[in-house]
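Here the structure comes first, spelled out in structure tokens, and everything after it is commentary.
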């Protein structure tokens, strides 16, 4: 076990055992409604500015500044997750997990806290309101005070927080994150934030009392603090070496992500806030700081072994991406009412994806020695249903396959609608166009079929099929009939299509045309109608065979997952959910690509051909993937 892992484990246990007073935020009981505490202040401030004669622009700008701080932090989160997924300039070759995401989900608490204090200050401290927009002397004074007293006092406060008594009760919460993300910078107990606010308020209070404060100076100082905090907690190096070459003294005045990363791994070094000069003065500079910095800068982008190619689904699915809102991405995708309030941002992201127009990396995982990567095509479900969009979508998929081939990727799996029959004949289009393709294209249909078959209750003798006919649907029905299970099909058109796909097989006798909806096990796919669900008997089990789950209309019925498997514990860096699936559950189409590479199979699985279903299923089980339990004991 590595040194930093030992420190992380022990400190986390101590933190949980002896939390100090004022550890939790006062509004913790409010949960997701905590933001209402700002409403009275914001409303009163807007009312005073708009209705009364008190045109205090500086106080009016407090709320926009808070919004800017939230946006600024989110931009760093998205940038950091994108860069660490690519792998270039990465500092620590480890990932984060769901426990860290949960622990850091309340990163906006410090913005709320700061906002309340500034509203109070603007109304109680003489000279804190009606500030001018700009004063140069205030900016110079703020810079000098920060470089001197603030940095000096923070250094010794930080060292004090590493004393066993305070560390075990407070600061260990922050150090629970060995691999840091930008927002790790503000994950501290409430008591620590009180001390930090008092520290950072020194320059601002000083300029207010001396009459040199300005709205721009205060907003700029807060932005500087957020910028340096977020930058320093990135797990990739981004400060270019030429900056220190042309100005050598700068290394004492500005830290780097790799500099602060050593503080989280080595624990007793690199205590400085933003300026390493105090570590040099007091002998706490880590001797490996320069080496780690240079090694991180030289680190190339990581070439994956397996790429899973997915796409955006709904307009608000951008928030559920790993690059979007981290806490939202760590839970299964669901429609949330408050996302409608963010429609201007949603429209802006749609425009941005349209302008960018290329696939982008969203996730990086490691499974034993296998390097996994997920890439997203900037297209939405609705675009896959438009005939005039299919050419551009196919071009993006083809470009992703050729890029994978160039990088030496072993397997590329097609997720969601990227393998549509009407779009590219389940991926066969690309294999025919490039017959010498070394990267194996996998549609994952065999494992999807196996997952569905293993979800059928053992006692079932009849199932009902409802939904669009697809490659997976046809294979599932055929296998069930071969096993002696009767498959009822209410639609005559679907019945004829399935019967035709059977050819001259005798097993088609188990395929029957029936209008009865009394069967308790349903196989459902895209095209399942609401009226069909309403006809189902109480206690019916719906088992999807498509990539998209059916809408859950019946509270007296049971809904199984789409074809998927639980990931083994050895799969690393899993901190987001795959669309609507639970944590650490992967779609069968995605798992199929991983298994294909692990087994070293040297053929494509696309088009109308399918790998051996039992062989693929057994290989998945042997590699630690587990089938999902059939949900027949609890209702949604």
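Glycine is no exception: its Cβ is also placed from the backbone N, Cα and C atoms.
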For the annotation transmembrane segment in TrEMBL, which listed range does it cover: 295-315, 316-336, 337-357?
337-357
For the transmembrane segment entry in TrEMBL, name the matching range from 107-135, 165-193, 194-222.
194-222
Under TrEMBL, the annotation transmembrane segment belongs to which of these stretches: 139-157, 234-252, 253-271?
139-157
Counting each residue once, how many in the domain 'Fatty acid hydroxylase' (147-284) are helix, strand and coil under DSSP?
97 helix, 1 strand, 40 coil
